[in-house]
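Sequence annotations record features per position, and here TrEMBL assigns active site to D49, H262. The annotation active site, nucleophile is assigned in TrEMBL to C52. For E237, the entry in TrEMBL reads site 'Linear diubiquitin binding'.
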Amino acid sequence: YKLSVSPEMDIMEYCRKEWRGNTPAAKRMRKGYEAVAQKFASIRRIRGDNYCAFRATLFQALSQATHLPRWLQSEDFTMLPENLLSKYDWIKQWQLRQKPGKRMGEISDEIKEYLILLRKKWKNISEIKDPLEKQEACDKLFKNEEEEYSLYEALKFLMLNTAIELYNADKSGRRVPVFSWLLFARDTSNNPCQLMHNHLNHIGHSGGLEQVEMFLLAYALQYTIQVYRLYKHSTDEFITLYPNDPEEDWPVVTLITEDDRHYNIPVRMCQETML
């Protein structure tokens, strides 16, 4: 059985194991890992199955959660599937993991359950004060495949909702973040319906998150996702923020990628950094 989030390993030890050669790529990766190691002591590998961006982001968010985010507390949060479906008939073609072909009318209740599960898990974990206990609760959650994948369905649906909000805001002349234009400038996602069909329905099945979708995930969660992009070491893009002009009160989670496709997580901030 594959672990969703592997146990901690020393960052430089991991790097030496993975990048032994003397190719320019290997040298750049080692430099990248050295830079990360100045801030973090360890790395945890994330299972790579097209959900890794969700898995890494959610694991980090829950690991450091101290309260329930405002958007999770709202009354109509669990009514989202019903509300959206009453306005947009095309959402009936939403594809649930391992349940292709189920009609949205039938699955709106299932998505509601996933949203309720997300709220419950976030609340429970954020209320745990002891850091060790909190970590154990996160590890346990990410060993429960059924629950874990249900949470990713909830995240995908939240991304769709955020995309619809941004699209409508832009159409009515309100200011939207730049990534929103890029998201809807793609031939494959001119509008939220196409985004759902050509992208969101495929996440976890035949593909992961593209970069512009990392912005969408950040907006849906109201978190800043900070990513060390190791292959970009010694360029301006080595540390990339999604979004790049984050709201000041958004919490920050940190991920590591070697190629913008697979994500791992750095853990244990070095003491000096914390001070």
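Using the three backbone atoms N, Cα and C, a Cβ is placed for every residue, glycine included.
Checked against H262 (active site) by C-alpha proximity, the recorded positions D49, C52, E237 yield C52 as the nearest. Calculated from their C-alpha atoms, the gap between D49 (active site) and E237 (site 'Linear diubiquitin binding') amounts to 25 Å. In this structure, the recorded positions E237, H262 were compared by how many other Cβ atoms lie within 10 Å of their Cβ, and the smallest count belongs to E237. The distance from the Cα of the residue listed as 'active site, nucleophile' to the Cα of E237 (site 'Linear diubiquitin binding') comes to 21 Å.
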